[in-house]
Structures are given as structure tokens and as C-alpha cells.
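Visitor: One structure, as C-alpha cells, below. Some questions next.
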Amino acid sequence: MLATEQSRPAECNGAHAHEKTEEVKKPLYSRPVVLTTYPSQSRIDPFPMNWGAATAEERGPITVARSIETLPHRNAVGAHGGSYSVYNALAVAGGFLPPDHRPNFELTEPTFDFPELDSWHDPKKIVAMDPYGHLTPSVFKKYLDEGYDVRPTIAITRAHLQVTEIQRSVENGSLPIDGKIVLNEKGDIAVTKVAVEPVWYLPGVAERFGVDEVTLRRALFEQMGGAYPELITRPDIKVFLPPIGGLTAYIFGPPEYLSDTSKSLAVRVHDECNGSDVFQSDICTCRPYLTFGIEEAAKEAQNGGAGLVVYFRKEGRALGEVVKYLVYNKRKRTGDSAENYFKRTEELAGVRDMRFQALMPDILHWFGIKKIDRMLSMSNMKHDAIVGQGIKILNRITIPDDLIPEDSQVEIDAKIQSGYFSEKKVTEDDLSCVHGRHW
């Protein structure tokens, strides 16, 4: 005879009762899946977005969230957080983060109040970041109070940098301790840091690249696996938050000096190279040039001017680290000669460089920079992009020869021959004589 509830031991009955009364877990999203939206739908009423307007209020907030409250009013495609938006999704799926979480922005205000500049209102000068991204909790407070999910895309703070090469320069006396910029014998450097997430105004981005907006939208949609269908179905939405890394700007000296043309300014624009910047691989000059730029920026601030280092997340010339390492293998297995330096990348990636510096000057415009006294870069692409945006470069500073690792001579000579600024002349014939080590 089968056991019944009455014939079972009490502890079994209790356990069984507990199982029966356990609440069924509610689904994260109760409404039907909305794959995309269209401008003609009845509930669609996006908040006005007037890119380049004279004030933040006239421009309007950037609303990208897909919450029930915000979805009809979205005026941007994409998601906050850039590439980290994926981890946000994992946190929600795993039950660690409520999908309707709203941040508490109390005490997160910028540590420096950058004055509003004419460039913030110029739709030709700023197309790849939200000029009001640091002011969201204040200038768009009424939207937050009404329950809409609007978030900052810029954060500003203060910090101390500790860099081994800087400490050595302090120890050998080449970088003095002044107590304001270089703080102590350990080589701590005081900086203002600005983190920026990308916010693209699609008509402006298309213009920078010399293509029409429809072509840009289709390419973004197709090459990202169809992840953002509203790039196609919502031509009325002109703003896109792409799933890529942003930038961090490190300011040495008073931030207000960046826009003061009476002050001397040293600038290093640097694209991420994890292998060298962090782990000090010697196959390229990235970390040596970065630390040289930091030291020169600090010296400029000590001399009464200002320094700026802008660090972009564009790993491996924006080809990615996997592609970069595959290229390294090709190079090392074929003799690693300077004459084939770019060829090996093109064989694998189809292009030698995808950093495309057209969007890079936006952060310089945001700071109000009109001239750079000392450009700590040899890149012709960066130089041309900056000058092409109307910012003067008075002097270009090359990396000192004694900072170039032996195995990176292949890279630097190939780049000089292809157009990098240098007093050194490198011909095509010279490249065939320059080789790196096997491994």
C-alpha cells in the first residue's frame, strides 16, 4: 500500500509541506519580448534630442534603458557601460542585480567643475561623447525624480599615480619633488582623472568618416551580429551607445589650464596596449612612450603649464588582443623583418590599423584645447586628426632612443617609414635590414 500524508513520519510531512508551499520564482521580465520598435508605434514618444543645443535642458537627456517606464521615451540605441553592459546582463540573469535597479548618485559629483564651453554646443566638434555626461544627476534631476533611468557617461575624480619609471626619475633627480604635482620621494603624482563612455551622434560620426548615415547604421547592425535592430528600424533615433571601451584622461596641473592658451600644454594621446602598458612586453614602444608622456606632462605642470594623457581602449590597434598575438606569431615565424611589419597584420586582419583617429579629438574639444605646445606622439594619424579639427600642434616630441626596447626596433622603423614623425630617415631598403629576435 502506498504511503499517504497521514502515514508518513512527521519530518517527511513537514518537508513535503515545505516543498508544496515554496513560492514559484517570478520571471525577471513579465511583459512580452520587444525585439525592436518603430517610430510609428502608438506608444513611442522619445524625449527630444537636440544634439548641439545651447543648453543641457534644450539638448535633452540621453535615455537608452528598456525599462517599462523608459522604453517608449528612449532616444538612444545601445546600453550604458560600453563593453561592460554584458556583465550587467549577467548580474541580472544570475539574480545579483534587480533589472529595475536605480543608482544612488549622492556624493558622486565631479571633483572639478569644468566650465561649459562653446565646443559643447558644436555638433561638428563633439560627436563621440555626451558633453553633459558628467552633469546628468543634476541637470536632468527631474527625469530621475520621475522614475526615468538616465545615467552619467562621464565621471571626474582626483587620484595619485604611482609609476615605477617615475619613481626612478625622482630617485635620480631628473624629476623634482615640488609637493603639488610630484608629491614625495616615492614619486606619487597628483592628477585629475576623467572617465568617458562613448556616446555617438550618428550623423556626426558618419560625416567624420565620410560616409552617409544609412551606410554607417547598416554596417554597425550587420558587423555586430544584428544586435541592435533599432539602428535600422528607428532612423529617428540619432544617438548610439556602442558596446566598446571608452577613454580615461589624466590631467596634470590645474584642469582650467587646458583651455587657457596662455599656458603651455603637453599632451600624450595613447591607445591601449595591455601587453606592454601593464606587463612590459618589449615587442613595442607602448609603455616606454606612455611613461615618457606621463613624466613630460608632469614636468609641464611643474613649469607652470599643464599636462594631459588620454588613454583610449583600442587594444591591438582596435583589432583586439587575439588578432594581435596571431600577428606576432606570423611575424616571429617569418623572420620578423620591418619590411613585412604591416604586411603580416594585413594578411590576417585585412587592414593594418582600425583605430581610425577621426573621433579622438572630441575629448580635446571638450576640454577646450585650442593648441598643443608639445605633442608627445610620433603618429601621423593622430597628428592629422587633431590638426584637421582646428587644434594647433606647435612641437612634436619623439620617444628618446634610449627608451626603445631592442625588439621593438622593427615596429618603430616600420612606422617611421610609413609616415611617423621623426628626424631619422628610414627607407624601404633600410627596412629589410631590421629584424627582431625569433622569440
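Each Cβ is built from the backbone N, Cα and C atoms, and glycine gets one as well.
Keep in mind the model is a prediction, meaning the values are calculated, not measured.
Checked Swiss-Prot, it gives:
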ACT_SITE  Asp353  active site, proton acceptor
ACT_SITE  Arg355  active site, nucleophile
BINDING   Arg268, Val269, His270, Asp271, Glu272, Glu315, Gly316, Arg317, Ser377, Lys382  GTP binding site
BINDING   Cys273, Cys284, Cys286  Zn(2+) binding site
REGION    1-24  region 'Disordered'
Visitor: Around the Cβ of Cys273 (Zn(2+) binding site), how many other Cβ atoms lie within 10 Å? Please give the count over every shown protein chain.
Guide: 23
Visitor: Of all the recorded positions given, Glu272, Asp353, which has the fewest Cβ neighbours within 10 Å once its own Cβ is left out?
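Guide: Relative to the other recorded positions in Glu272, Asp353, Asp353 has the fewest Cβ atoms within 10 Å.
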Visitor: Any idea what DSSP makes of the residue listed as 'active site, nucleophile', helix, strand or coil?
Guide: coil
Visitor: At the level of the C-alpha atoms, what whole-angstrom distance separates Glu272 (GTP binding site) and Cys286 (Zn(2+) binding site)?
Guide: 8
Visitor: Could you tell me which three-state DSSP class Cys284 (Zn(2+) binding site) falls into?
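Guide: Once the DSSP labels are grouped into three classes, Cys284 (Zn(2+) binding site) ends up as coil.
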Visitor: Mind giving me a neighbour count for Cys284 (Zn(2+) binding site)? Other Cβ atoms within 10 Å of its Cβ, every protein chain shown.
Guide: 22
Visitor: Of the binding-site residues listed here (Arg268, His270, Cys273, Cys286, Gly316), which is spatially closest to the residue listed as 'active site, nucleophile' when Cα positions are compared?
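Guide: Looking at Cα distances from the residue listed as 'active site, nucleophile', the smallest one goes to Gly316.
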Visitor: Measure from the Cα of Gly316 (GTP binding site) to the Cα of every one of the recorded positions Cys273, Cys284, Cys286, Asp353, then give the nearest.
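Guide: Of the recorded positions Cys273, Cys284, Cys286, Asp353, Cys273 has its Cα closest to that of Gly316 (GTP binding site).
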Visitor: Taking DSSP as the reference, which of helix, strand or coil describes His270 (GTP binding site)?
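Guide: Strand, per DSSP.
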Visitor: Give me the sequence-ordered set of same-chain residues, not including Cys273, Cys284, Cys286, with a C-beta within 8 angstroms of the centroid of the Zn(2+) site's C-beta atoms.
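Guide: What remains near the Cβ centre is Gly275, Ser276, Asp277, Ser281, Ile283, Thr285, Arg287, Tyr289.
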Visitor: Which of the recorded positions Cys284, Cys286, Asp353 has its Cα nearest to the Cα of His270 (GTP binding site)?
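Guide: Nearest listed residue in space: Cys286.
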